[in-house]
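Listed features, source TrEMBL:
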| type | residues | note |
| --- | --- | --- |
| REGION | 1-32 | region 'Disordered' |
| COMPBIAS | 22-31 | compositional bias 'Pro residues' |
| REGION | 204-247 | region 'Disordered' |
| COMPBIAS | 210-219 | compositional bias 'Gly residues' |
| DOMAIN | 263-368 | domain 'Fibronectin type-III' |
| REGION | 281-302 | region 'Disordered' |
| COMPBIAS | 289-300 | compositional bias 'Acidic residues' |
| REGION | 363-383 | region 'Disordered' |
| DOMAIN | 372-464 | domain 'Fibronectin type-III' |
| DOMAIN | 468-561 | domain 'Fibronectin type-III' |
| DOMAIN | 565-659 | domain 'Fibronectin type-III' |
| DOMAIN | 663-756 | domain 'Fibronectin type-III' |
| DOMAIN | 760-850 | domain 'Fibronectin type-III' |
| REGION | 870-891 | region 'Disordered' |
| COMPBIAS | 876-891 | compositional bias 'Acidic residues' |
| DOMAIN | 885-974 | domain 'Fibronectin type-III' |
| DOMAIN | 975-1069 | domain 'Fibronectin type-III' |
| DOMAIN | 1070-1167 | domain 'Fibronectin type-III' |
| TRANSMEM | 1195-1219 | transmembrane segment |
Amino acid sequence: MAEHTSPLESGQLLSPDIPMLTSPPPPPHPPNIVNGDGPQQVILVQVNPGEAFTIQRDDGQFQCITGPAQVPMMSPNGSVPQIYVPPGYVQQIIEENGVRRVLVLPQTEFHPGGHSPLHHPPPPPPHAHLQAFIPHPHIMHAPPHLYSGMAGGTGDMNPQYISQYHPAHTTIYSEQETHPQHGRAAFAHRDERASKTYERLQKKLKERQGVGGGGGGGLAPSKDSPPPSPQKSRGTPPSGGDLQNGLGELDEEAKALQECLDSICKPVVTDIQARGASLSWVAPSRTEGDEEPKEGEEVPAEPSLTYEVSVSYNGKDGKYKAAHSGVELSATLQDLRPATDYHVRVQAMCNCLQGVPSEPVSFTTQSCEPDTPSPPRKASGTKSSLVLQWKAPCDNGSKIQNYILQWDEGKGTSVFEQCYYGPQKQYRLTKLSTASRYSFRLAAKNDMGVSEFSEVVHIMTSCSVPAPPLSPELVQPGVTWLCVRWQRPAGSPKEDDINYVLEMEEEGSGYGFQANYDGEELSNTVRNLHRSTTYRFRVVAYNAEGKSNPSAVSEFTTAPDRPSCPCRLTVKGKPHPTSFRLTWEPPKDSGGADVTKYVVELSEGLCGSSWNQVYSGSAVECVCDGLSPGCSYQARVHCISVGGESPLTEALQVQTPPVPPGPCQPPRVVGKPKAREVQIRWAPPLVDGGSAVSSYSVEMFAPQVEESREVYQGCELDCTVGSLLPGRTYAFRIRAANKAGYGPFSERSEVTTGPGAPETCRAPHVTCKSPTCAVVSWEAPACNGAAVSEYRLEWGAAEGTMQLCYTGAALSHEMRGLLPATNYFCRVQAVNAAGVGLFSDAVLCQTPCSVPATVGSVHALRESEMRVECRTAERGEEEEDEEEEEDDEEAAPLLYSPSTCLGLRWEAPCDHGSEVTSYLIDLGEKQPILTGPVTKYIIQNLQPDTTYRIRIQALNSLGAGPFSHTFKLKTKPLPPLPPRLECTASSHQTLRLKWGDGPAKAQPTDSLQYHLQMEDRNGRFISLYKGPCHTHKVQRLNESTSYAFRIQAFNEAGEGPFSTVYTFTTPLSPPAPLKAPRVERVDESCEVSWETLPPMKGDPVIYCLQSMQGNSEFKQIYRGSATSFQLPNLSSSTDYRFRVCAVRQCQDAPEIIGPYSSTVILLPPRVDTPGASGAAGSKAAEAQKPKRSLTDEQFSFLIIALLAVTSILIAVAIQYFVIE
């Protein structure tokens, strides 16, 4: 209740429409309450759940208010009416936040969080009767929508008003059996008379609700109906769009099934326990309106339903979690918390359909015994006493009254005896044994029972100070650590918890003994010490009573460390092919002991996988011999002392120098020797000298030559020796080389070459007999031991593209079909039994010049290429350079008319060595035309629409070449003239233009087309339309603006001239249409208002309002710049219609009237009879709403839809009756 606004602070004023409430006749001693200094007081009467509060109004009727609720009442003189309570109940007055409340409670009701009564009601005043009481508007005079539908059902109350009827600490009770907190019934001591009175009040309340609400039929509740009970109020179910699973798209059977799932009733809670409860519900049934199967039809099988039970412990509107799912009509909830409020609901499901969850039902679990407490802990203790403490566990709804503490009396058995029973949370035990262990366990007890015992905890009592232990002993020494152990003091009991402190003193440090370890272990490893250093140790024992004297001192020394590796391992002197000398220095750190010996290890290769010891002694150098030349070795050394072996040095890599390789075997010939080359091969030497062979050298001895020459040097094992003479004998020898140099030569090997191909022919001789014929001749070369069998002649226009043109034994050949004035190359080679000789050098020859070749690739010029070339008289070079820029700036040259001209283009033919001087164009009947050395020419002064046969011939200084192929060209007809342009329709943004006499739409066969252009702001004409149509609509124009247009006609003959410029002007734009005006009735007049339009380009806008009364015509009732008008003296029996339009007042033109808005209807007011029902009132309210007329867009869409349907029907009829 502290969370709600106090009625005295709400700031609400009493309304004169609030009915006065009077109390029943006062008894001889009515109670009264005084609150505040003023005569008026606000008194809150609190009605508990399940109870009803009845008061009598001024009209004599009784008003019944069911709990839980708070009824605020205003007392003019501070008195309180007599409240009749059933037997077994008392009324109490409490004060909270300055507000006094009247509570009607059972005499023995338990309120865990309630308020204690301040005082009993004072004696009644001396007056004979009480003044009238006014219910406070905070709750009694709620808005009408707060009580709508309460008579017929409880689901229509807005959730934002529910909290006004009960405080924050009260719960919302359902119609089922309720269980308040701690598991006790709210009215456990109600006698039989009180129960009957309660039943009569509930029955009377339900009858009033049934008469006033009519089962929730939609009638508005009466003004005198009581507010509903919050225990029946629940939030509006979720929207159907989310929970109906697409109900609008399902068939009738699915809709019926969905409605069946939605009609599930709330569950019934039974057998409520502390940690569980049982639920049961009724399966949803089909509505009575479902059609029954006819005779002979199969009865549809009942669908299998699944039910899901969800539980919330955060209140009615909290989050629900699924607790059970199945097909049964009952469920058992487990693992609940005792004395806790829960809300449970059930939801029916069938396949993919889900019903709306039922109305939630609240219940409260019963109280039970407390939870198992935590074990007790030792707070303090002495040799003969212990103080134990513990924490209170969860009471599970019933206050813990006593604690039970048990112990084993120090016997160490599992038999426990009770040592304490009471409400305290600590206990002191005395007269205990010293250094003894005791076991304890704890349990809690409330009105519901005793909890389980806690875990057993073992606690010991204190004992006496321990005796000094023996001196510590050394277990094992290390380089930086010492492992020390000691014994338990003699005579100390085993139960005594003794800890030890190990103290250490370093020799020569001067700091004395310092603690190094503190714990209960009997050994410790002291780390971070210095090597070969003496340390002194002693031990001190202590317990809860104190410390003992230190033990005797023991001295221990750490072990020496291993030395570091030797330094500077190097090779002394230069390594030999089979040995080298190593030297090193002693280690920098000897580890606290002298080095006894050094060990040298050697590994062959660089992998270091196998190491062999080659030296062991006290010297700091050694000689490693017996090695292989040219091999890599790794050496390392380490030293040994008393502290151990040192780490190995890094491996030193040593390379023994190699020696030259041994002799190779004599080379051998591979395959059959050729005439001019020999391929020889050899094997590597057997001894490489410790280094891989890097190259070989091959020397050759020519016949009758004593000196040799090197013919090959490389790393391969074979080579080909060329440039030899056929049939000669040659000698070869070889030697190998590595890093150390070349080895000895091998023995000689002789090879004889075979016969060879002929020698290279001399260059042939060429003689030209004519421009197309030449004779080639050559001489026979040296045969090189074999007769020449044939000659091969190659001929071509380039050296790289020569082809074989002759093969035979003759020494000459005649070439025919050559091109005049063309360069040709030729060469010749000889062939014998041994092979083919080399080609001779290529010879260049040139054929004589001739007349030009045939003109080819003749084609007509496009119209864009037929331009007039402006030529001026011959001027000097300076004048021509100055006029070049002026000629570029002039306008483009005019096109030749394709009707009287033909343009030709051809490719220049081959001139055959003499430049083409002119071309001859033959037109058939007309005289031939002679042109210069050009490849483009325009023939003028031809007849329109005429075909000509044309051929071309090239001429040079040697004569005329042949004519080209004859081809036909035709001149085009004359182009058309431009049509007349006119404007057929115009608006403030568009202009519709028309030209010519043809139809508006173009025909597929029209060859005549038009080009429409409009002048832009920069004075240039831009293209608007190009096509065969005769009309065009220009859009996106500005109002009251002049635009210039011109048009041009064109067809296959070409483009005609542009027409003269036509100018058309767009009119002014009308005002925009207004929205429907707003009409408000004020008594016998009405006020009409409409939206405001801004001025249009400086022109002011006024408004014209028209009205129509009944079925008469519209009449103008207002014209001006205002946006509202008040029409007085309205008739109460006639309806009115209003519409409004905007009028643009132009400065230099007549005013423009815009379209009228849609019509608004003002219906006459209707007076309802007092006996009219709520349904009739709702229908009248609907009738008074103005009927909305169709907007222009809706009306246009309706017309288009009707036309579309009509067209479809006509097409179907034609298809069915005509075509078929």
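Placement of Cβ uses the backbone N, Cα and C atoms for every residue, glycine included.
Annotations in TrEMBL come from automatic prediction, not curation.
Residues of the domain 'Fibronectin type-III' (760-850) grouped by DSSP class, helix first, strand second and coil last, total 3 helix, 47 strand, 41 coil. Proximity of distant same-chain residues to the region 'Disordered' (363-383), defined by a Cβ-Cβ separation under 8 Å and at least 6 residues beyond the stretch ends, is recorded for 171, 174, 176-184, 269, 272-277, 336-342, 344, 389-398, 400, 403, 405, 426, 432, 434-435, 440-457, 459, 461-464, 545. Taken residue by residue, the domain 'Fibronectin type-III' (565-659) breaks down under DSSP into 0 helix, 48 strand, 47 coil. Counting residues of the domain 'Fibronectin type-III' (1070-1167) by DSSP class, helix then strand then coil, yields 0 helix, 45 strand, 53 coil. When DSSP labels each residue, the domain 'Fibronectin type-III' (372-464) comes out as 0 helix, 41 strand, 52 coil, counted as helix, strand and coil in that order. Mean pLDDT, taken over the domain 'Fibronectin type-III' (372-464), works out to 90 on the 0 to 100 scale.
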